[in-house]
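These features come from TrEMBL:
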ACT_SITE  273  active site, proton acceptor
BINDING   154, 217, 218, 242, 243, 244, 245  ATP binding site
BINDING   243  Mg(2+) binding site
BINDING   271, 272, 273, 316, 317, 318, 372, 429, 430, 431, 432  substrate binding site
DOMAIN    147-453  domain 'Phosphofructokinase'
SITE      244  site 'Important for substrate specificity'
């Protein structure tokens, strides 16, 4: 059976490929092909396939290497790449009661995950990542591990859960007793005190929003941070943060490699906007969507209770409108959703004003959900303001909510001579300051434990996250090279348009 036929027969199956160093493979095809990767300590595996396709693996600089191996493996760095003589030790999980009855406790170093599970016959098999999970051997003695955790950037539901599960995972699974919390973000490495973390200290922090370590933007000084890591004898660094934070983590890893320190650097991607590339979803996103329902419900009750009620709810979403889109789909009370990826216009045929007037005539009220990054070009033009950036390098957004509220009010009272009742709700910080819900708590546990397993196994310069519902180790550069945005050509946006029956606003932008 050809691989493409197997995939076509089950297009939604979560594909896990296992490459064996023998001639046996998960798929019993013809001749074996060599698979090389610079970070695999075993250096060589084999893969069999009916139709070999010229493909690539990546070296430690993410530069493709041409091989006739039939696929692309985007591997993560390993400490043995620059410290080849590091000793290994049996994984303590071999003796763990918790894992005693697990059939496959350890992940094979040759297990990989396919980024795309829906493929067409004859198409390249595409990108793969290493499967996350415990390895049979580790590169750190438990009693010698000195780990640290730092949180950077904006708040997000679930940060405390990630902190808790890193601490408990290191302690309960690997017997690690020394974990430091770096206070106040990156600058805390060289300008703040540390906090000793143990299972007792972090026992109930998952019930709180925010981060017990405090956070900040900016403050990244690679040399000062790595000097501090060296001075404190830290050999595992866990960095929780978004795009800018992960770029900082990559810089720390490169400096550690340059100095040839046996330090594992693991990133845990964090963004409430769900705009991290590669991974299925970022933690805290589901909680934010759930919390946004409260604001949308309140707006709906308000406008339904008055004549010609117009409600606007502004949600987070700097460049990506995922929160607004999913909150709209979940609510079913929203008439129009405006996101940064879909330009809109106010006046004329097919414009927002015309749609609002039509809904008021039909229903007597209208609810609009607005992502904070939508319509920025109009606000910028109206106030004639210069573009500014925050300490993390992010563009400072102008407040589109009050602007749109005033525009709608002026249009209907002045132009249409029509009395309307405007209700504006801004729950921006409310939806990110809450504790994570049940789903995100479980998700954060998997992220934290995957990061711990990866660091103990000697991987470094990596981040973790689900790829097609299976957790993988991903090169940090892959999650920072692009921003995940709503694709207007995908079915999910079409589902929203079908749900709200709002205009596409394409007429003026075609």
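Sequential numbering from 1, following the chain as shown.
Even glycines carry a Cβ here, placed using N, Cα and C.
Fair warning: this is a prediction, and the values are worked out from it, not measured in the lab.
Where TrEMBL records a feature, it is marked here on the structure.
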{"residue": "154", "record": "ATP binding site", "Cβ within 10 Å": "20"}
{"residue": "217", "record": "ATP binding site", "Cβ within 10 Å": "20"}
{"residue": "218", "record": "ATP binding site", "Cβ within 10 Å": "16"}
{"residue": "243", "record": "ATP binding site", "Cβ within 10 Å": "25"}
{"residue": "244", "record": "ATP binding site", "Cβ within 10 Å": "20"}
{"residue": "245", "record": "ATP binding site", "Cβ within 10 Å": "27"}
{"residue": "271", "record": "substrate binding site", "Cβ within 10 Å": "26"}
{"residue": "273", "record": "active site, proton acceptor", "Cβ within 10 Å": "30"}
{"residue": "372", "record": "substrate binding site", "Cβ within 10 Å": "25"}
{"residue": "430", "record": "substrate binding site", "Cβ within 10 Å": "15"}
Cβ neighbour count (within 10 Å, all chains shown) around residue 317 (substrate binding site): 31
Candidate nearest residue 245 (ATP binding site) in space, where candidates are the recorded positions 271, 273, 317, 372, 432 and distance is Cα-Cα: 271
Which same-chain residues, if any, lie at least 6 apart from residue 432 (substrate binding site) yet have Cβ under 8 Å of it: 154, 155, 156, 157, 209, 272, 284, 288, 316
Length of the line joining the Cα atoms of residue 271 (substrate binding site) and residue 242 (ATP binding site), in Å: 5
Distance [Cα-Cα, Å, rounded] between residue 244 (ATP binding site) and residue 372 (substrate binding site): 19
Cβ neighbours within the same chain of residue 242 (ATP binding site) - under 8 Å, at least six residues apart: 152, 153, 154, 269, 270, 271, 276
Mean of pLDDT values spanning the domain 'Phosphofructokinase' (147-453): 94
Spatial separation of the residue listed as 'active site, proton acceptor' from residue 317 (substrate binding site) - C-alpha basis, Å: 5
